[in-house]
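> Starting off with a structure, shown below.
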């Protein structure tokens, strides 16, 4: 219905490769949109870092993408969303979306027995954002949170299908078994790469919520609401990926996960460690 | 994560009882929110009316609800969305959501073979809004549109489960059979009340999209985005329903559809016919 077309890219930021799970869903649901991605691999994981530092790093990534003239910013990282979303959303003049609200909403929709598990990084679990968000809307919901600090390093080192991964996931999640939860939020965008193993460990009766994939529905709703869709498909757009770490390692994981051979990956420097 | 709570109601408008299919989903997904509904039953159906008149009627409904201090307006009527959404959205200072964009998006997600059917009122089909919206995002999609002017009167007269309904739906949709469509958008919020019959006629291989139910996901995303959720559940809220027609007839259909016995339904006058 609109006659306007906004051809600027949508920006995605993450501490590393985790946000690619959001990008994959965005490519599927929004095939007209150009994506520009920045993973701060050199300083990953964000999970154990103090909140002030995560906020600072998130601002650095945000400013980099604002310079690339993005029309919307997706903070495709739960740790960064938990501590930096509200501040950045208030301060920049494009729509900014995090992954925690969409993930929380999906968990509330999915759970039938009102017992929801959350797994995430140390930072995300410490922020208690998912529990607050969920209980804000449904105070009677029982929320069990568990930090899984070993998961991100496994994914970033491209070992997410290894036998080590199986052992670590099984050992870490043991405490969530027999806890009555019927829904488990993958509260870190890296975790969907471990989804088959997590599914195997938790069993078929636990619904896994991919907070990143849920986020793309919100991206789509806001593109419509703010009239920001790209309607011009005659200009072929090449997605762009930036990493503060090794482009080779990033490309290996990204090509595999996104199922694209020729990815445009560039190394950049953001700041100190 | 928010500390703000917005206890104002969400407003829903429709030409009659059709918007109740959206309200039903809103009550399920947003149990904390107070709903205020206005159905212009006395002037229903909107479908055959000229666009200018539908715009005027929609403005009358909008002004009535703005006086009731709503925090968001849902135009839960496809005919009104098609002709009045953009103008009203631009003119009022609360978020305004229509049903066509969410329905179009859901259809694109659901269709595997790229052949999508749209059924709606004369006005909606004449506006071609669904086809434009869908092809804007996926130009190669084949869209077949069909006006079903007899459906709304059947629903408004509380005959949506009758043998007459079965005959009319079967006869009307015959032309859509053997058209390769794998997805059919119920492009009128009245039609979900005919859903069992439509499903029976179209068969199990055609996915039915309830544009209204899809809209509630957008409502939820925008409540989050604009920080408009009601977090205060200690104040019990009674939903309010207004109709320009017979409160008795409205109450019969609404109580049945929403499965609520004690509905607060009030007759109001909006303007001329």
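From the backbone N, Cα and C atoms, a Cβ is placed for every residue, glycine too.
TrEMBL feature annotations, pasted as is:
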type	residues	note
ACT_SITE	A:77	active site, proton donor/acceptor
ACT_SITE	A:188	active site, proton donor/acceptor
BINDING	A:14, A:15, A:46, A:47, A:78, A:79, A:189, A:190	substrate binding site
> Can you give me the residues near the recorded substrate site, meaning same chain, not A:14, A:15, A:46, A:47, A:78, A:79, A:189, A:190 themselves, Cβ no more than 8 Å from the center of the site's Cβ atoms?
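Here the nearby residues are A:16, A:18, A:19, A:44, A:45, A:77, A:80, A:121, A:123, A:124, A:152, A:188.
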> Return the residues near residue A:15 (substrate binding site) by Cβ distance under 8 Å, restricted to its own chain and a separation of at least 6 in sequence.
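Same-chain residues close to residue A:15 (substrate binding site) (Cβ under 8 Å, separated by 6 or more) are A:39, A:40, A:41, A:43, A:44, A:45, A:46, A:47, A:57, A:77, A:79, A:80, A:152.
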> Whose Cβ, among the active-site residues A:77, A:188, has more other Cβ atoms within 10 Å than any of the rest?
A:77
> Given that the record lists A:14, A:15, A:46, A:47, A:78, A:79, A:189, A:190 as binding substrate, what is the largest C-alpha to C-alpha distance among them, in Å?
12
> With Cβ-Cβ distance below 8 Å and at least 6 positions apart along the chain, what are the contacts of residue A:78 (substrate binding site)? List them in sequence order.
A:99, A:100, A:103, A:120, A:121, A:124, A:129, A:187, A:188, A:189, A:211
> Quick one: give me the count of other CB atoms within 10 A of the CB of residue A:189 (substrate binding site).
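If we count other Cβ atoms within 10 Å of residue A:189 (substrate binding site), we arrive at 35.
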